[in-house]
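Below is one structure; the comments refer to it alone.
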Amino acid sequence: MNIIKVNNASQGAARAYDIFAETLTKGATVFGLATGSTPVPLYQRLVESPLDFSQATAINLDEYLGLSGNDPQSYHFFMAQHLFNHKAFKQTFIPDGKNPDRQAATSQYDRIIEENPIDLQLLGLGRNGHIGFNEPGTAFDSKTHIVDLTQSTIDANARFFDHEVDVPTQAISMGIGSVMSAKHILLMAFGAEKADAVAQMISGPITEKLPASVLQQHPNVTVIIDDAAAAKL
């Protein structure tokens, strides 16, 4: 792993932007994208930049099950608001959380990933070590699948909803095996609440109990962390 330590999340977004810019300039055409609060400053930099993604494909990690793309809490809505409405991509893909045929939805997304090998995969890090919505216990060779969210993940996401009862309890997520197929993985984690997961991811045992620990086995991983997230290294 290439570990980049920064003072704060703003500096982290600047370093992540440089990696996106360099990767695009070198001819990359497929970018795996993430949601949540961590990548928002990065997306703002991409929107304000002269970078041209009009020939690039974006493939998102996950989506809540049961939310339509028009729901303000959906990741379709999030990506439109923060990136896709402002920066043109050739094509964009996000898992279909409304497809009643779950097998079809997961199989379709696996085909999309197979047909568009990811050059750079952006990741955040959950407090319990999840990547995407791959919760502890997820098989390292997993493909796109339906996830029962843990209570800690539900609690962490509750701040985005008016009432905790409105927080979805399931999601459709790219699998860990799919994430690991990317040529380059870029993970960002900021804040003291991520320190335990960061330490276990980087120096702990490789175990499905801590999904992000599998990144130790990938040949090209960049981790951007601030001082608070690095406190327990």
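Quick reminder: no glycine exception, Cβ is built from N, Cα and C everywhere.
In the three-state DSSP scheme, D62 (active site, proton acceptor) falls into the strand class. Taken from Swiss-Prot, the feature active site, proton acceptor covers D62 (among others), and the record attributes it to sequence analysis.
DSSP assigns N128 (active site, for ring-opening step) to coil, not to a helix or a strand. The feature active site, for ring-opening step is assigned by Swiss-Prot to N128 (among others).
Per Swiss-Prot, the feature active site, proton acceptor maps to H130 (among others). Within 10 Å of the Cβ of H130 (active site, proton acceptor) there are 26 other Cβ atoms, across all protein chains.
In the structure as shown, the Cβ atom of E135 (active site, for ring-opening step) sits within 10 Å of 21 other Cβ atoms. Residues or ranges marked as active site, for ring-opening step by Swiss-Prot: E135 (among others).
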Remark   = A correct count of other C-beta atoms within 10 Å of the C-beta of D62 (active site, proton acceptor) gives 23
Request  = Could you measure between N128 (active site, for ring-opening step) and D62 (active site, proton acceptor) for me? Cα positions, answer in whole angstrom.
outcome  = 17
D62 (active site, proton acceptor) and E135 (active site, for ring-opening step), distance between Cα atoms, whole Å = 12
